[in-house]
């Protein structure tokens, strides 16, 4: 399999997008929590600052669009692996235009663009877990079987398995990667059931790191030349017990990042960036 695991977590660029003022009142959500817009924007600025200044990534910052209140959650608009970028067809109709600015940014990076133009397909990037060996795609309220099939066609070098998401918005609402072969998983029964399905479908044996809080299982892993293993994860203020679990990862640079406002509209840490490994062109 092409480049199997060899460059897992290696990234040079990130695409992010600013939070519009419409975010607080109009962003989609599964509960009715009040969002503090100014605090959400401060948290996002800190997140972007970590990517840019602390980790040294080249960060492309797209402007907010007031007509797209969810546009900060760029992960749902594209899936990037190697030199290929799949422009998705988000499950919520109100979010479909978010892909336009994403496509333009990815074209500027000279990636091979694949578009999901089948109107029966839906796919949110938040339902796509890439392990470095294979893809797991959550079949959720936002992603369907046809979307998973188009993803499999776009990334033919990798096996693609589907996982039912019966609880939570996306697959990555309760899991993510914390390193090569290491899946972080929430402790709830639906999360553990999903992990069991992933283990049964895979030829590879993954290690797991179980955290008490499902939402804390969403973290951002990178393996950077000058930093080694890096993990952006929840803060002790948000999830004290889960934050303690991450401290077991002694070989990682651990960076707690607050997400207390975006989580109110079902946003997680991975949602807010699309990470890309752009090889040097000689």
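Any Cβ shown, glycine's included, is placed from N, Cα and C.
Look at TrEMBL and you will find 170 tagged as active site, proton donor.
According to TrEMBL, the feature active site, nucleophile maps to 271. Non-local contacts of residue 271 (active site, nucleophile) by the CB criterion (under 8 A, 6+ apart in sequence, same chain) comprise 72, 73, 74, 75, 76, 126, 172, 218, 262.
Within 10 Å of the Cβ of residue 76 (substrate binding site) there are 28 other Cβ atoms, across all protein chains. Here TrEMBL flags 28, 70, 75, 76, 95, 142, 265 as substrate binding site.
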Next item on the list: Check each residue in the chain of residue 70 (substrate binding site) that is at least six apart in sequence and keep those whose C-beta is under 8 Å from its C-beta; list them in sequence order.
Entry: 23, 27, 28, 76, 92, 94, 95, 98, 265
Checklist line | Chain-mates of 28, 70, 75, 76, 95, 142, 265 with C-beta within 8 Å of site centroid, substrate | finding: 27, 73, 90, 92, 98, 124, 126, 266, 267, 271
